[in-house]
Amino acid sequence: MDEMNKINYTEALEYHEKDKPGKIAITTTKSLVTQQDLSLAYSPGVAAPCLEISKNLEAVYKYTSRSNLVAVISNGTAVLGLGNLGAAASKPVMEGKAVLFKKFADIDAIDLEVNTEDPIEFINAVKYLGYSFGGINLEDIKAPECFLIEEKLKSLMDIPVFHDDQHGTAIITAAGLINAAYLTNRTLKDLKIVINGAGAAAIACIDLLIALGVDKSKIILCDTKGVIYKGRTSGMNKWKERYASDTKIRTLTESLNNADVFIGLSVKGAVTKDMISKMAHKPIIFAMANPDPEITPEDIKFVRDDAIIATGRSDYNNQVNNVMGFPYIFRGALDVRASTINTEMKIAAARAIADLARRPVPEEVYKAYSGRKMVFGNEYIIPVPFDPRLITVVATAVAVAAIESGVARVKDFSIDKYKQQLGSRLNPTANYMNFLAEKIHNVPLKRIVFAEGEEEEVISAALMMRDEKYGNPIIIGRVERIEVTLKKIGKDISLAGIQIMNAALSDRLEQYTDYLYKRLQRKGYLYRDCAKLVKTDKNIFAACMVACGDGDALLTGVTKSYIDSLEDIIKVISPKQNRRILGYSIMIAKDHNIIIADNCITEYPNSLELAQIATQTAEIAKNMGITPRVALIAFSTFGNSSQEKTVRIREAVNILDNFSKDKKKLNGIKVDFEYDGEMSVKVALDHDLRKLYQFCRLSGSANVLIMPGLNSAAISTELLQKFSSNSFIGPITNGFAKPVQILPTTATANEILKIATFACVEAIKEV
């Protein structure tokens, strides 16, 4: 609670409450439109799979969702860093875990909260659920009960049972240690390791490190009472006893003398600079206490510039984050129907993650983390959490280990086919907003000008931007009006870190007026007209700030129509050379991540304009790390209608052909991407339908749709945004010489923040 200020707390509550409360819902995977569908789904048709399963229990994987279903189960006795909150209060966390399973590995997960602190009662409640799920993820159960619960359930159930608080941390830690040892020319068996904190994660770390080859006699485990040594009686249990050291050392300070490795799973401030200074040459320091590490990387580097450092935090390099493990470990285990997650599978996961860090980083990952050096070395020993390769690399390694160790039920297994399946299961663009956030966090923050700074949603978005450290917000408005609006949002909210600019009181009015007059003097504007615009029109003033270098990006639109806002800004900021102003939206769905353009500007584009929009949108896709497959959309497909309205679309394809064949640039952009048209949306997105047109040039489903006109583009994107469950981002403005985003008048604070994130990234590219 201390780490969450009032606005974040309120925003979090609103996020969980709005629309349908919570974060997960059940959706159907089969059609339920007709009476026949209903008869097949339930009575009498459902009897058929029931009878087949009764004959052969393995058929449950064939006819039900069990093969892709995980239960996230807790009793709430160790909720995050909040302690014993109880079963009901743990539910938001368990729902969040279920969301991560779906987002990162396409695993359906459901949360179950068991209202008991008695380990035996908990075990009895869970053990009978085996036929319902393909795996069990235990979460937020306090030690030492968590050890007993996991051990017993693993012995009673024939599906994977995995306590992520233990093993997830252990696996990512092991991956980092494998690479850190390699970089410092050490072997695992020779490492002298000190671990501070003797809870679930620490015990699991020791188990896995020993399995990897670390010498047990060279590990010293400490807790709040000091070294866990043989003969100690205070604060002991059988799990600590297992790793009690035969040593005369009694304190953490003594333990760190000449130690090679420190693994912290304890509390902030547990380690001092003096302790670190006495470690061995090239020390390996994993300070993973959350939210604040045992010692900060800055303090470590102050005394040991030869150290390799990892933490649990995303704002430092080498983040030990469980999300790199558990979704993909379960993915691999489920896909081969493993009966357990054994040590061999955990080792395989750790080694796969370690190996991935040594590989060249693909362009889409590098772009997402712009400004960060991602070459295997001291600052990059662990992959970044949003590396889309993780699902293929880790899940495959786990699946193979399950088969080789004899715990997999699936015997007919092709590694190559499995990798292809995993690659198509999740598209990298599904995590694009996270990529943007990481890119922003790796460079100096940009100044983002919010023209309509007196509006509640705009102020809320600016506050979120400040708190998330996405940028330095500048809001245009009158202080007294802003303060009134701020009180509506919540009391005791500070605007610290947000700059307020009142256009009428600015000391830059003369400079901005001079700039604007030079642009408009031959367009019917007198100097006094320009002075009035700068002083009274918030869009003009904000645009002048960006044009004159006093801001890096501009957001506006919630108080004016898109076209009115566009007309204001175009007076101040021109289109980029060889670019047209256009709008696009991104639809992020399970099977398709699609860019739709132009849904903002050109009402009825001619053939050349369509070709230009296609080329520019393909460039946008490339900048997002997407290989563009462009479809020029119509109601007809490849000439099956001779109506005149489709001719311009075919002509646009011919224009693209000519530029592609002659290797010429269209508006300064190479036509070196896949494209075709005219075609219907169904053909563009449906592989089976495209088979009817074997000449179609698209190698896969289109991921860029160029709409034939503004009406169809705007209507289709608004319908998708309103009625589908797909994630939807936009409209996003592209083509100005400076970063400008024009918002919908209905934009919420979260939607404004999303678009502002694009503005931040665009501003980074301006440098």
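The backbone N, Cα and C atoms fix where each Cβ goes, and this holds for glycine too.
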Of Asp108, Asp118, Asp165, residue recorded by Swiss-Prot at the divalent metal cation site of Glu139, Asp140: Asp165
Other residues, Cβ within 8 Å of Glu139, Asp140, Asp165 Cβ centroid (divalent metal cation site): Ser74, Ala78, Val79, Val93, Lys97, Leu138, Ile141, Cys146, His163, Asp164
Tyr42 (active site, proton donor): tally of other CB atoms within 10 A of its CB: 11
Same-chain residues at least 6 apart in sequence whose Cβ lies under 8 Å from Asp165 (divalent metal cation binding site): Ala78, Leu138, Glu139, Asp140, Ile141, Cys146, Ala200, Ala201
Residues Ala198, Gly199, Ala200, Ala201, Asn290, Asn322 [recorded NADP(+) binders]: greatest CA to CA distance in Å: 18
Cα separation, Tyr42 (active site, proton donor) to Gly199 (NADP(+) binding site) (Å, whole number): 47
Densest Cβ neighbourhood among Asn290, Asn322 (binding-site residues), 10 Å radius: Asn322
Between Asn290 (NADP(+) binding site) and Tyr42 (active site, proton donor), the C-alpha gap once rounded to whole angstrom: 48
Distant-in-sequence Cβ neighbours of Ala198 (NADP(+) binding site), under 8 Å, six or more positions away: Leu221, Cys222, Asp223, Ile228, Lys240
